[in-house]
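Below is one structure; the comments refer to it alone.
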Ligand SMILES: Nc1ncnc2c1ncn2[C@@H]1O[C@H](COP(=O)(O)OP(=O)(O)O)[C@@H](O)[C@H]1O
Ligand SMILES: N[C@@H](CCC(=O)OP(=O)(O)O)C(=O)O
């Protein structure tokens, strides 16, 4: 089934913030335009966004992410508000309402919290509002210490995709596709159109982030793809620099890398 009615879109720090560390305002605006037009044409859209810390680094004129967890948490607190103000401004231009949902992983292990969260998200869908999800970094240390490969927004987006019964997940990053090797390091790396199974070869091709701002690199995206496929869904990885590519994905065109079981 190639329907894309209920869609989770995940955008990485590497898309929200340029390589030189500055907030990429045009891309946030183009993303808001694309998602608003999809919502208006009857799709149900949920956006998982990274970038709270990346945005705060720019606000605070810091060149790189500090190592200390409390400093990262403070940055997340500063940046999350600003990130939402960017989205509010951009979506408002397209007359699209949004709602902020901050999650921690324990929500998925707690029946009552999960039910409350899902009720709120379903209510937003029924009111044509786009929920915007990020991990609640201020209280979720597991993500920020990078010790747990599952504690990242790629994985969070994959879990949300399953929990809300979405048709698929679209991941926006700073690469055009999954490559046979990190394309920023290996000039001979080839883009891969379709993955039906995460093999050892594919796993070995994926390394961490070299952008300096993103956290998980390709490894966490593969883990997300594997999770989505195991749950019978599909995931597409595309370049976030051109959010209009989302429309091509939904139209069934071959763009980026499709992760879908056979
Ligand atoms: N096989 C691969 N194909 C594509 N990108 C790869 C691969 N292996 C590692 N990468 C790295 O993953 C990065 C994207 O991950 P990341 O920086 O965490 O982005 P995001 O902020 O979008 O989550 C790319 O910029 C690239 O450096
Ligand atoms: N929650 C963090 C993002 C963590 C994360 O997974 O980042 P990325 O690898 O850019 O998707 C933030 O908002 O800064």
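Using the three backbone atoms N, Cα and C, a Cβ is placed for every residue, glycine included.
The annotation domain 'Aspartate/glutamate/uridylate kinase' is assigned in TrEMBL to 6-238. This prediction places the mean pLDDT of the domain 'Aspartate/glutamate/uridylate kinase' (6-238) at 92.
Taken from TrEMBL, the feature ATP binding site applies to 10, 173, 174, 215, 216, 217, 218, 219, 220, 221. Reduced to three states, the DSSP call for residue 174 (ATP binding site) is coil.
Summarising the annotation, TrEMBL assigns substrate binding site to 50, 137, 153.
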Worksheet item: Quick one: Cα separation, residue 50 (substrate binding site) versus residue 220 (ATP binding site), in Å?
Response: 13
Worksheet item: Can you list which of these binding-site residues (137, 153, 174, 220) have a Cβ closer than 6 Å to ligand 1?
Response: 174
Item to complete: For residue 10 (ATP binding site) and residue 153 (substrate binding site), determine the Cα separation and express it in whole Å.
Response: 8
